[in-house]
């Protein structure tokens, strides 16, 4: 694979792109588009932007990702959580609807595009690992609640605002008297309809004779049905006259292509938020891409994904759009619709372009309450209580990180929540690593296998103590190791040899090396020899040439058993 | 050991305290005192405080630590690095010599006292592990240079200031014309004298017939000799008349006991600095305590050490002193002088009290240049270039953390340096953990031992691939594992079993558990069974009852060899 192909994965699959590929991809793109249009409009609204912007963000980004992305199935565009984050950030800098607001959003997309590309080129994708699954889960659940709450105002036909749970509830409560009954009814009916269609359309269609697969695909169009019907209702009974808010005129024509204006001062202030949005979007997207790649025995390159998403965001900024990333639901649809290559994305982009050029009039009477309904039904699925229970059952520590993130996001804000979660999981891991499990082991009779003397019936030798430390040796536990060994030696009499079984030692950093040298010296002064066994290749390579290696009082054995046989062969006691 | 004895370790050794213990401890305390007095004066000067404060900080803290500390040998009091940090912080809030300045310093001692005790009671001692050896080494070396530079003004008899290298050099250069020759000569002679005495006094005394041990002890009094001689010289030739700055009148009498006034606003501003001073002091102190404990087959309890040092700092604040911690050189002296119990600290405190009550007059003519000389000679020892070379040879990554810390401290400041160092070592560790070494292993013929197929002549089976992941499985590498396994399976044909050898897996957090479930599902859909072997007891305990445990397509074997024997027993190929 040439360097160019590595930079532009499209080149490799375009070479083998066939006519039949094109047909299936086109078919899939049609279905994706039908689903993507209402989503784009809704998520633009969620980000506090005019609906057209949602469509702008669904054209160039799809093409850019098709060129630079490494996933064959991922469908990019506006997604709920990222749109919500974008809205929250922009609100802090300008009033929704104002030109400044749009400028802030475009700058956000620009920065996160550049940031993602930089991460990718410097191979810093691993930084995304800072977000542990529990933190993400807590973050997503809380965001879903915030998003749903934020949409209720559209269902009630009132105007409310707020960055966190309390503010939102407060402002909703304050505005409650002004609610518009026509909107409420329309909204509730839409929610019910979308929910029921999601549940029963598929079996219904199958009963009507569609194949399982066709039915499954068609049922995805449920929300679109509701959108069309309600739009017609509003138009026919001109409900907009009685206070039902509608999308209104959507400027038709191509998105305004322009180099985004860079306000460095503003950029500096937006940087942290933009970085957070990028990381969150990347993590969400990469996990989606990974699971689809696995299904088709393909694989994705996280760092290339960063470049792909970065390119998508940059091109979104250039075309007056807002931050985008890979979405789960639309990827599922495109996958089920049989999309074979990223060309599906290109075709989808073209279809959106057509819509934007000729069909924007159709959205005029589309009621905002219905868009809100689609969002609410979509995000409510994201609240993952079962996942929390699993984590809680498995590991209290992880559960605490999840809970902390959840409530911080809900009560303080997205950034505070994620920072808390990341900090907490780092601290918890560090706590874990600095309280390593250290087992005194003996040989399982009749085998060459050594296990914990407290858990297994094993044989040991009185003058030999074998210690298995179940942790890499690095700064977080270097001192702890010194402590434990001193304790062990002090608490066992007649020790002549201390054997450090390194099966679990995957790394020895400079701090731990110093500690091992100290341990070696101290044992030496007590007339005790220190031996190492089962040192891993990579660790051994580094140890060679160190003072420890040359000053070690004992030997380094390939296997624990060889050491056990070699040391004081005569004496053996049943433990 | 009762809970009370655990809180106040003194109770346990006081019970068995003998008359002979008392005699040796008294003897030792005398020697420690002789060394401690000039040190206390010097370090008070280093912290920008009047000399008497140095003595105040050497009375109650010693007694408090004797009661609550867990080390039998550690000698606490003012130390160079902590004093320097205190001075740098206080300078930012008040002018040296002013009452506000002293108030700030006392508040610093109060806060760090409370902070240390809190850490101890909540068993958070492990947080100190955040400071890796390379970071500490880089920090100490840089601080030593800053300290030495900061003292040069006293040697030159000029007044200069500055928080970092550039500022200091600049201000020294600006003041150079005003240097005072008498001071310079006195200062340089003192430096030379202290240096030479440190080097040759010990052998000289041995040549004069003292025992090696006596000579060693006596030679520690070298600086004191110089202090006495130069003081006499200044007095006899009244050099103070020609511009040699002297300590001058030191108020005699007991330290002013008073509850430190708490200015909450100021306290909030001082908190970060105080926390940093505490952690640095604790780390320095605990490593000293640990090495001495090991020498005597005793052990220390880090969390109890926190309480001890916290109590020491609180009592320092109460008696108008500044932050203290365990010092290396004085602990060596007290250890060599045969100190058996912390009672040595109590006796030292009493001797300092006597000095403060009756001998302060003796310090009147003591020239500041000489105190500076003692500091310079002492801290120059701390610059550890050899240590850097070792780290550089062993691990470039650790070396980078060291270098970054060193230069940040030198050029920006102590806090920036430590924060950079800690952040960097965390990132480097995370990078390491998220790029785990994964080896495909086979059996070493004739043994039950499995090693890397690339490093050893081993036997493998075509339909079984055994993967040993050399890292705990947690959020930092959960996704990486998914990736690698997918790759491995995709790149080997005819695989029926994937065996995950968990010898190196010391922990599986919730993130990794999810990933393992996904891996299990994906392999299942490809008709491949996933097996685990050599799962550690603690990990196994947690896995029981998880979905992975119940849905696992394969088995969990006690040993890798059992799995190897059990899976497709017929076919075997020489790799």
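Glycine too: its Cβ is placed from the backbone N, Cα and C atoms.
Taken straight from TrEMBL:
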type     : residues  : note
TRANSMEM : A:27-46   : transmembrane segment
TRANSMEM : A:52-68   : transmembrane segment
TRANSMEM : A:75-95   : transmembrane segment
TRANSMEM : A:101-122 : transmembrane segment
TRANSMEM : A:134-159 : transmembrane segment
TRANSMEM : A:179-197 : transmembrane segment
TRANSMEM : A:217-239 : transmembrane segment
TRANSMEM : A:270-289 : transmembrane segment
TRANSMEM : A:346-365 : transmembrane segment
TRANSMEM : A:371-389 : transmembrane segment
TRANSMEM : A:401-431 : transmembrane segment
DOMAIN   : A:454-567 : domain 'STAS'
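Stretch with the most C-beta contacts under 8 angstroms to the transmembrane segment (A:75-95), considering only A:217-239, A:270-289, A:371-389: A:270-289. Highest Cβ contact count with the transmembrane segment (A:101-122) among the listed stretches A:52-68, A:179-197, A:270-289 falls to A:270-289 (criterion: pairs under 8 Å). Contact count against the transmembrane segment (A:179-197) (Cβ pairs under 8 Å) is highest for A:217-239, out of A:27-46, A:217-239, A:346-365, A:371-389, A:401-431. A contact between the transmembrane segment (A:52-68) and the transmembrane segment (A:217-239) is absent, since fewer than 3 of their C-beta pairs, 6 or more residues apart, lie under 8 Å. For the domain 'STAS' (A:454-567), the DSSP counts in helix, strand and coil order read 49 helix, 22 strand, 43 coil. The stretch in closest packing with the transmembrane segment (A:217-239), judged by the count of Cβ pairs under 8 Å and taken from A:27-46, A:270-289, A:346-365, A:401-431, is A:27-46. In this chain, the transmembrane segment (A:371-389) lies in contact with the transmembrane segment (A:27-46); the count of Cβ pairs under 8 Å, excluding pairs fewer than 6 apart in sequence, is at least 3. Through the fold, the transmembrane segment (A:401-431) approaches residues 84-85, 88, 130-132, 134-135, 137-139, 141-143, 145-146, 163-166, 272-273, 276, 280, 388, 391, 476 of its own chain, all at least 6 residues removed from its boundaries and within a Cβ separation under 8 Å.
Within its own chain, the transmembrane segment (A:270-289) is flanked in space by residues 69-71, 73-74, 76, 79, 81-82, 85-86, 89, 93, 104, 107-108, 111-112, 115-116, 119, 125, 127-128, 130-131, 136, 139, 300, 302, 305-306, 309, 313, 323-328, 331, 414-415, 418, which lie at least six positions past its ends and keep a Cβ under 8 Å from the stretch.
Across the domain 'STAS' (A:454-567), the model assigns an average pLDDT of 87.
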